[in-house]
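As recorded in TrEMBL:
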DOMAIN    20-472  domain 'Biotin carboxylation'
BINDING   LYS138, GLU222, HIS257  ATP binding site
DOMAIN    528-797  domain 'Pyruvate carboxyltransferase'
BINDING   ASP537, LYS706, HIS736, HIS738  Mn(2+) binding site
BINDING   ARG609, THR871  substrate binding site
DOMAIN    1067-1142  domain 'Lipoyl-binding'
MOD_RES   LYS1108  N6-biotinyllysine
Amino acid sequence: MHEREHSVDSIRQSSQIFGQFEKLLVANRGEIAIRVFRTAHELSMKTVAIFSFEDRLSMHRYKADEAYQVGSSNVYTPVGAYLAQDEIIRIAKLRGVTMIHPGYGFLAENAEFARKVEAAGITFIGPTPDIIEKMGDKTKARELAIQCGVPVVPGTPGPVSTLEEAKAFIDEHGYPIIVKAAMGGGGRGMRVIRDEKSLPDSFERAKSEALSAFGDGTVFLERFLDKPRHIEVQLLADGAGNVIHLFERDCSVQRRHQKVVEVAPAVNLNASVRDAILDDAVKLAKAANYRNAGTAEFLVDSEDRHYFIEINPRIQVEHTITEEITGIDIVAAQIHIAGGSLLSDLNLTQEKINTQGFAIQCRITTEDPAQNFQPDTGKIEVYRSAGGNGVRLDGGAGYVGAIITPHYDSLLVKCTCWGDTYEVARRKILRALIEFRVRGVKTNIPFLQRLITHDAFMKGDIVVNGSSIKGQIGEPVFKGEILYPEIRSLAGPESVDVCVPPEHGWRHILVEKGPEAFAKAVREYNGVLIMDTTWRDAHQSLLATRVRTIDLLNIAPHTAHALANAYSLEMWGGATFDVAMRFLYEDPWDRLSKLRALVPNIPFQMLLRGANAVGYTSYPDNVIYDFCQKAKDHGMDIFRIFDSLNYIENMKLGIDAVKKAGGVVEAAICYTGDISNPNKKKFDLEYYLNLTEQLVNLGIHVLGIKDMAGLLKPEAAKLLIGSIRKKWPDLPIHVHTHDTGGTGVASMLASALAGADVIDLAIDSMSGTTSQPSMGAVVSALEHTDLGTGIRLEDVHALNGYWEQARKLYSCFEAGVLSADSSVYEHEMPGGQYTNLMFQASQLGLGKQWNEIKKAYTEANKLCGDIVKVTPSSKVVGDLAQFMVTNKLKYQDVISRAKTLNFPTSVVEFFQGYLGQPYGGLPEPLRSDIIRDLPRIDRRPGSTMKPLNLSELKAELVSKYGRSIRDVDVVSASIYPKVFAEYREILEKYGDVSVIPTRYFLGKPEIGEEFSIQLEEGVTLIIKYLAVGPLNASTGKREVFFELNGEARAIAVTDTSAAVIHEHREKANPGNPGEIGAPMSGVVIEVRAQEGAEVKDGDPICVLSAMKMETIVTSAVSGKIEYVAIKESDSLNAGDLIVRIVKI
């Protein structure tokens, strides 16, 4: 009996306050449920918890007097259980519940739930259903504020077309303002104007940019809120229309629109501003006939002007700091008001409410700042919380053994600290955070500690790394904003609306009438057409193929108009396809689709390497057919089909695949030698005419002459094109060259005069040297002749203005080729390879031996049998040349030592026959000496390959990467399996980086600099770089601080310049044949040797890779491996010891 007298029930009965309101259910979970239970218990009420199956071990169910699971384990999802309105109300009625508190989140702002609760005869602790509905509509809330005279963010009601209209808005609302494009996105047509001096120019620039970018120059104005503060007011209102405020909170520190740190009252808020905000909050609540607790939210700009945002009709997470400074239990007030009490009954009148001191709340979450704040899950193994004077903890899952699941919000505990001054509160919250020890799951405590001490970190004035991709040297020299050109109308002086596709364009003929009619129309054209190579071969030749999609998209609408009469735009090839994924982390298929959408009128052209598609080796035939069909379906029109050895058998496959796909078959003959020089007899005129006849007999639509090294001199062009035109008068001829030797313009003019229908040119600032001849020069030269191109010189100049700026963005990839090089007529190096090989030589430590490499290239070509050189055959010659220079080998050395040298893989495979059969055959006995016992391929390499099971490959990719895998991804993976896998890893880690402006993709922002990234249409990130923290010696990382859409963020970035360890490797003894050394610099990608294993002369030891050149290192002796000096991913220099072999 004695125990019963002092039981919980008896104690509550003796101190009961509410009478009939004796049992309260919280329709929520976690810390807010526990928070409400505690106050209910203080009011002598019984409490009821609900929980999902997944929450059956959660703390909140044990803090209530009764707890009931919502549905069985298979009925509701983890979240769905807390949204099951009818089941929750059923439980409440069954258990005699008289009041329901919704907490925050879940059903807290659901008017339908509130109505159902009241219809069930249960009291809902919160606003009326009508108020919840009204406050949930942001438009209605804004209208209410305007009716009450409460300021909202001002903006013009409609478009602004004149400067006078803009000034009228400014006269009323003041600076700063923001001008926005009505059709905007991506930061274009957007200008922040801070003073009258910059108004005229910025206003006109915004309109012009909007017109250029979106085809609509309409703009509107808004008051620009410069670094606004987020201030919210806690309100209480009873059923009789009485409203009071409990002062304000500052919730400006947010992440992903979630508040992280809150302060009450707001620090350094002007008293008059505070009073105005508090008055407006009360005014709004009274006008809305508000009831119970709620929060009015405002923004305050740098000029101390405040603007209403919304009213949240519920209790807020951060209500605790208001309770600490006012001493008022807000949850208790909610319960009393719901039970019918007036504010006066609770002794809550405005004149009696004051604040004392300051309170700060930090939300401690199970999120890992080092992993982009990814929520962590697992079991809490250690949990030591803070405590002491002025420290309040509101938690739900903070205890040893708690299981943190992925189903719910990551909030672990709210830590609230009070102090009589802001600084005391700040130091107290810092002390509390330091006291926490949580192990088993990651938390954001380190991030919160840095935020609390943020000023110290703001002193940093360095940056970690900056951005860098493979081959980048330094940063772009261009740091400004690229200006877009205006394209003048054909009819008059006004500018063209570039967002409206032009009606004229050769692609219309192709789409409407097909490839044959298209080819016939090209041949009948009175003049010479051009193909612009700027989007592919030009930047491949000059800038290591590093131009990004975003910079092509920016100029695409202008190009569609300026070059409307162009035969085609070249925008795809092997290198562009490969580099897009390998180095730029972009999807080449996305590039094709996006550009096609912006340029519907000009045909797109690509290079197709016959049986190699866009790869460097042979593939099963079905892969080639599938690739061509997918490329055609995604917007490719003209396929320039070639083979790197002019091997017709390889070309036949590509020709048939393109025909079946419905594309234009432009079969290209690769030009080498010099038909105007009678001393060069191997590749003479008869050779080219025979090739042309074979291709014509295959039913091609267009003949291409592909002069990839710039060897086609004007006289040779006249002879070759003239002879083909004479023999095949109806055959369209398309000529391509490079300007390496400086004769490109002359050769193109000679080709046009001899009967060529199409010639290849590049925009002036992207032309010359190893690129194509100047478009402006040729267009101007032919402008007033019968061979006019149909392209206006002024339009070429307009595009050139853009590319002059854009090229400076890629200055970090310039190869330093400053002038023509007539030595090309000796070494015959293709233009694209010239710059790439120069760069590769530099990366391999051979930069100072560039002239030696050019000489070695000539000798390597002779060793291969004097072959046609274009990727991938040119790569074979280049790899062999670098190999010779690295190992100090001359022509005769290779001949005499071929049986024992470890040749690059590409060289070995070439001599096996994996590229096909070169004209004149593979030289013997060198072939036999190099390939030794490896198989010989004497027919089309891919002819014996089994079809690739594309469905099976797709299933594997979906299993690995999810259902986002598309059919085109399967094609990419079938051609470049390793590159595609590495690209997907980057995509998974960083997301789609193609949207980052090149200025910030290749270079670092300055401290305090702000820039925008358009993720998609209408979705823009605004990023501001703030500071960087000190080096963490244990991890090699630094914390980088920035704002994302105004929210403070921090990430850990590895400092690549920190703690660099220089490893000294043992060198192989050249006098000991058992010590195998690296034949050249490279990275170990595979180790095949094991200590103790027996090897024979010629057995593979390891595989090295350097700049896409792989070399299989083989044993030079037979014996037993005594020591392996390498492992995978090791970086080796030439001569570094790989293994030591002893004779048995």
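Glycine residues also receive a Cβ, built from the backbone N, Cα and C atoms like all the rest.
All features noted in TrEMBL, drawn onto the structure.
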residue	record	Cβ within 10 Å
GLU222	ATP binding site	15
ASP537	Mn(2+) binding site	29
ARG609	substrate binding site	26
LYS706	Mn(2+) binding site	24
HIS736	Mn(2+) binding site	27
HIS738	Mn(2+) binding site	31
THR871	substrate binding site	24
Alpha-carbon spacing, LYS706 (Mn(2+) binding site) to THR871 (substrate binding site), which is rounded to whole Å: 12
Cα-nearest neighbour of HIS738 (Mn(2+) binding site) within the listed binding-site residues, GLU222, ARG609, THR871: THR871
Cα proximity to THR871 (substrate binding site), best match among binding-site residues GLU222, ASP537, HIS736: ASP537
Mean per-residue pLDDT computed across the domain 'Biotin carboxylation' (20-472): 85
ASP537 (Mn(2+) binding site) and ARG609 (substrate binding site), distance between Cα atoms, whole Å: 15
Cα separation, GLU222 (ATP binding site) to HIS736 (Mn(2+) binding site) (Å, whole number): 52
ASP537 (Mn(2+) binding site) and GLU222 (ATP binding site), Cα-Cα, nearest whole angstrom: 45
Helix-strand-coil residue split for the domain 'Lipoyl-binding' (1067-1142), DSSP-based: 0 helix, 40 strand, 36 coil
Non-site residues, in chain order, whose CB comes within 8 A of the mean position of the CB atoms of ASP537, LYS706, HIS736, HIS738 at Mn(2+): THR533, ASP707, MET708, THR737, ASP760, GLN772, GLY831
